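K.L.:
Right, I'll just put the structure down here and ask away after.
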Amino acid sequence: MTDSRFSPPRASRAGALWLLLLLVLVLVLAVCSLNVGASRLNLLNVLTADPDDRVSKILFASRLPRTLALILAGAALAVAGAILQMMARNRLVDTSTTGPMAAAALGMLVLAIALPDGLPLWARFLLVSGFAAGGILLFLGVLQRIPLRSALIVPLVGLIIAGVVHAGSGLIAHHFDLSQSLRAWNSGDFSAVLRGRYELLWVAAGLTLAAMLLADRFTVIGMGRDFAVNIGVNYGLLMAIGVALVAMIVGSVVVTAGVIPFIGLVAPNVVRVLTGDNLRRAVPMIALLGAAILLAADLLGRLLIHPYEVPSSNLLSIAGCVVFLAVLLHGRKQWS
Amino acid sequence: MIETRGVSKRYGDTLVVDDVSLSIPKGGFTSIIGPNGAGKSTLLSMISRLTPMNAGSVVVDGMDVTRTPGNVLARRLSILRQDNQTSLRLSVRDLVAFGRFPHSGGRLTAEDLRHVDEAMEYLQLHEYRDRPIDELSGGQRQRAYVAMVMCQDTDYVLLDEPLNNIDMRFAVDMMQLLRRAADEKGKTVVVVLHDINFASCYSDHIIAMRRGRPVYQGAPEQIIRDEVLRDLYEMDIRVHEVNGQRICVYFRMG
């Protein structure tokens, strides 16, 4: 095609550059993450030493699984946030601020009470994902029944639902003397991630990939039902797929690490400024940025009071609030 | 041909569209006019399967709109409603390109790109192609949506109040464009219009609705008449012939 009008617009070339930068950022953070921990180790040693020595053991049993878990969970949560924003047609929402995460934590609690002997991993994953799906449907269902949907009402509705679920879990946990466990699930971190305890997140990786393949359709969903129906997109089916994708991503992360807040809010909103909301272009960047944010939060948590750790979710809550306020102030013309 | 058979829509106790059976011929330009609350927009959105009907059926070229797969119908019939609010940050070109979705499912071919460019050219949008739609004026955004629908390249093009938010010059451009789409490309254009003078000057066929029912149908010469319009709108409207066009005057009577 020689006609210059058919050449890709400037926006997409800038997008490719950002994508590359984010990729480099994730790689750099991943290398740092492999290097930081209670015991010192030099990555270069791994190349020369035999596989049974201490360095290799730490690396392959702990550091590498943890780093992979951070990348997979961060990317998946960021993409789940972007999909939820399209389904709710509002960019001020995230799985952690609207109910799904809180519902998943409730699911963990119910499991601990009803089946204290434990279930196989896949069963726990499916049950907790079911609770997360319930949280999403509750949120979307309430939204549908609110006639005047100002952009600011939507996140408020989400916060109320999340708050109610959270409080309910607290009551139940108190009654069954599980408050401490609930607190642990609610402030997720990756310090307990070892080889054999993070592999569920590969499911999240698969779901992230599926979301990338459906990116165009989720953008269409974000344009509203009439828009979607006009161009022949099966709106109901896509919404159902979206609920399932988001619920299973939340389920896999909560089962593995606990509640990780705000990544799904921060990453899509930053990428939106860089490349806009067309998910076909945005989703890869959203995933990389989500991975980078979670890697950075975890790294900072490991360094702040070294050799002890601050849960990454605590740091993310602080950072997330700042970004949330920035987005609100930046777009205040649209909200009023 | 679009045929509605006994179509009704009820919101609570109000019958918004009341047992409407009518047919809209294939080809040409059909306007639906009538006072507020006549059910024009509801009828249009039932024809285009956006709103489910309480009774009756709609058939477009032999296809029942509620039973035909959405993506099959999307290649034959397109609909643009009023109030296309979005907070998404999409470029004009990305929006217009979504019109090709029923044809290529998001993977744009050279043929699709040709349609996208042609539609943007038609609506004079090339200078805004990379602009996010949330930064456009109301009129520019309306043109971008119309370009998307044109780019969908369907036999039937349904538009609800396409002249909303746009100034006189672009309103005339828009109507001429739709007229040309009917004349040169053989499209069937169905438009809900508030401005009866535009309906008078551009239509082949006018459907006049009141209280959920079509009360008059016919060529502009049959509908744009003092007595018909007085009955329809319950006010004095004088029709004058100016340069061979039937123009309604109602701004200041007495």
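Using N, Cα and C of the backbone, Cβ positions are placed for all residues, glycine too.
These numbers come from a predicted model, not from an experiment.
Dumping what TrEMBL says about this protein:
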- A:64-84: transmembrane segment (TRANSMEM)
- A:96-115: transmembrane segment (TRANSMEM)
- A:121-140: transmembrane segment (TRANSMEM)
- A:152-176: transmembrane segment (TRANSMEM)
- A:196-215: transmembrane segment (TRANSMEM)
- A:227-249: transmembrane segment (TRANSMEM)
- A:255-274: transmembrane segment (TRANSMEM)
- A:286-305: transmembrane segment (TRANSMEM)
- A:311-329: transmembrane segment (TRANSMEM)
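Explain the structural surroundings of these features, please.
P.N.:
Away from its own ends, the transmembrane segment (A:64-84) comes close to residues 26, 30, 33-34, 93-95, 98, 100, 136, 190-191, 193-198, 201-202, 204-205, 207-208, 211-212, 218, 242, 245-246, 249-250, 252-253, 256-257, 260, 263-268, 279, 282-283, 286-295, 298 of its chain (Cβ-Cβ under 8 Å, at least six residues beyond either end).
A Cβ distance under 8 Å defines the sequence-distant neighbours of the transmembrane segment (A:121-140), meaning residues of its chain 6+ beyond its ends; these are 84, 87-88, 93, 95, 98-104, 106-108, 110-111, 157-158, 161-162, 165, 200, 203, 239, 243-244, 246-248, 250-252, 254-255.
For the transmembrane segment (A:227-249), same-chain residues at least 6 beyond its ends with a Cβ under 8 Å from one of its own Cβ atoms are 76-77, 79-80, 83-84, 86-87, 95, 100, 125, 129-130, 132-133, 135-137, 140, 203-204, 207-208, 210-211, 214, 217-218, 220-221.
Tertiary neighbourhood of the transmembrane segment (A:255-274): same-chain residues 14-15, 18, 69, 73-74, 77-82, 84-85, 91-97, 101-102, 104-105, 108, 121, 124-125, 128, 184-190, 193, 197-198, 200-201, 282, 285-287, 289-290, 293-294, 312-313, 316-317, 319-321, 323-324, 327, selected by CB-CB distance under 8 Å and a gap of 6+ residues from either end.
Non-local neighbours of the transmembrane segment (A:311-329) in the same chain are 91-92, 96, 186-191, 258-263, 265-266, 269-270, 293-294, 297-298, 300-301, 335; each lies 6+ residues outside the stretch with a CB under 8 Å from one of its CB atoms.
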K.L.:
State the non-local partners of the transmembrane segment (A:96-115) in its own chain: residues 6+ outside its ends, Cβ under 8 Å from one of its Cβ atoms.
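P.N.:
Sequence-remote neighbours of the transmembrane segment (A:96-115) are 84, 88, 124, 127-136, 138-139, 155, 157-159, 161-163, 165-166, 168-169, 172-173, 176, 178, 181-182, 185-186, 246-247, 250-251, 254-255, 258-265, 320.
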K.L.:
Against which stretches of its own chain does the transmembrane segment (A:196-215) lie, if we need a Cβ under 8 Å and a gap of at least six residues from its ends?
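P.N.:
Sequence-distant neighbours of the transmembrane segment (A:196-215): 65-66, 68-69, 72-73, 75-76, 79-80, 82-83, 121, 125, 238, 241, 245, 248-249, 252-253, 255-256, 279-280, 282-284, 287.
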